[in-house]
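Colleague: Here it is, the structure in full.
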Amino acid sequence: MTAYLLNLATLATIFGILAASLNVLIGYAGIFSVAHAVFFGVGAYAGAQVALNLVPDVLLASLAGGLLSGLLSLCLALPALRVRGEYFVAASLGLQMLAVTVFSEAHSLTGGHGGLVGIPPASLLGIDVSSPWRFLAVCVGALTLSLVSIAILMRGGFGRGLMAIRDSESAAEALGKNVPALKTIAVAIGCSLAGVAGTLFAFQLAFINVESFTLEQSVLLMAMVIIGGAGTLLGPLVGTLLLLLLPAVLSFIPFIPATEIGTVQQLVYGLAMTLLMIFRPAGLAAPSTGRR
Amino acid sequence: MPGSLLSVRGLSKEFGGVKAIQSVDMDLVEGVVTALVGPNGAGKTTLFNLICGHISPDAGEVQLAGRPIRGERPHTIARLGIARSFQDLRLFGRMSVRDNVLSALEPTAWLWQPGGRRAARARLHKTEAALERTGLSALAGARAVDLSYAETKFLSLARILVTEARIWLLDEPASGLDPVSRARFVALLKEAVAAGVTVCLIEHNLDIVTELADRIAFLDRGRKLAEGEPAAILRDPELIGIYFGEPRR
């Protein structure tokens, strides 16, 4: 039971980083990407390759995963600079589909559909951190660092620049904001953090394959951010806890047959989303009232 | 033209066969208030968009103090000292009133603004001063989306005022204001002009035009039909006929 809860807590922490990273794009910069699982995957594969072929150091692997995801985020930044709104959603959808094909076919890098197995236990600067408690501590540290970094950036001029673009791109330009540069940096930061989350995910599961980086995952991440409260610091965490823990909670309810949990989960998700959009459209953690 | 700060020559723009702006020449002279007047669809806002780089002209030139700025990106033009407002205001709705104004002083895209804490304090000081002048200090922490109509108009003006731009292009800045707010707005604009700001405003309220403008450029169907002193333009029966929608010959 403890092992199960520790695993759940570690996954919630990793997905917390992932949702917080997507919040930089959706919540602060207004870039509605449905391709975030791609950068989660790139980070996971890169981190896993470092662990398998070099050294299973979680810091080094996370740096590699974050850097590669940040670099490849230019694939997302380029359409973000040219198109907006629903056109960008369509462009990111294309990128997501393309990436899943690459993940499935690039056997030498990703292991194809079979994935990468036997990812060695994590260490941190020579210290073994593979035990569930220690790895949870590493993940909590990474989450804290991510949230503090995001909070500092978003409270400053950079964050105001992103939010200005989100609220009115043309007005932001008219006030001297370099919109292409701001968007590119926002995408790079968000995707780098997603890459770090991917690396931690690879260490936690010791096995990764394309199934974790599909469009469904991207949509789930988007739901986490929107349900929790896009553009708020803690909203994505609230959304993550709700959506990740719901299946676990349902499995403990005695009168729901194990075979029906998936169906009940979908019903609860659907109902929760509908009620939320009616009563708290800005998300659970967002301030609800205005001055008038 | 002598003293011209912004010069527009032969500016043209077509949208899918519709000639929105046709060979327009115009000069904004330093410290002079120019009003762009004309019926809806005359091309006034398009002219602003062309000057500010939001859309690219098909032909023509725009020069700021002798420097060609056609083809420059909007943020570059803004940094050169041309500030503009929008007819639909385009405030940063979910940001606070203070952040709306402060944001106008933070053009760099880097993660940190240059100049450290001293520069940050100076920016905040300028922001508070702009809010004070526009009567928004008490609402500094409110979200822009929660402001009343008149307050949003003054916030739009505060964002421009704080930039210390040399040229202000204002798109219907006083439309819908009550008489008291309108008087405050006119006083603020006169203060800015007295301080050396060059203003070009699009305005349908001819009382405000008469009160503020030193010159009027009259546009219709993308063409500049006339330019001159308000008294002369507003007495021209043909122009007034066009403006009030009388059948054209």
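Glycine too: its Cβ is placed from the backbone N, Cα and C atoms.
Heads up, TrEMBL stuff is auto-annotated, nobody curated it.
Okay, so TrEMBL annotates it like this:
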TRANSMEM  A:6-26  transmembrane segment
TRANSMEM  A:33-52  transmembrane segment
TRANSMEM  A:58-80  transmembrane segment
TRANSMEM  A:87-104  transmembrane segment
TRANSMEM  A:133-153  transmembrane segment
TRANSMEM  A:185-207  transmembrane segment
TRANSMEM  A:219-246  transmembrane segment
TRANSMEM  A:267-286  transmembrane segment
Colleague: Any residues 6+ beyond the ends of the transmembrane segment (A:133-153) with a Cβ under 8 Å from its own?
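Modeller: Here the qualifying positions are 6, 9-10, 13-14, 16-17, 20-21, 23-24, 58, 62, 122, 124, 159, 189, 193, 196-197, 200, 203-204, 233-234, 237.
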Colleague: So are the transmembrane segment (A:219-246) and the transmembrane segment (A:58-80) touching or not, going by 3+ C-beta pairs under 8 A with a sequence gap of 6 or more?
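Modeller: Contact absent: fewer than 3 Cβ pairs fall under 8 Å.
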Colleague: Count the Cβ pairs between the transmembrane segment (A:58-80) and the transmembrane segment (A:6-26) that lie under 8 angstroms and are 6 or more residues apart in sequence, then report whether there are at least 3.
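Modeller: No, the transmembrane segment (A:58-80) and the transmembrane segment (A:6-26) are not in contact.
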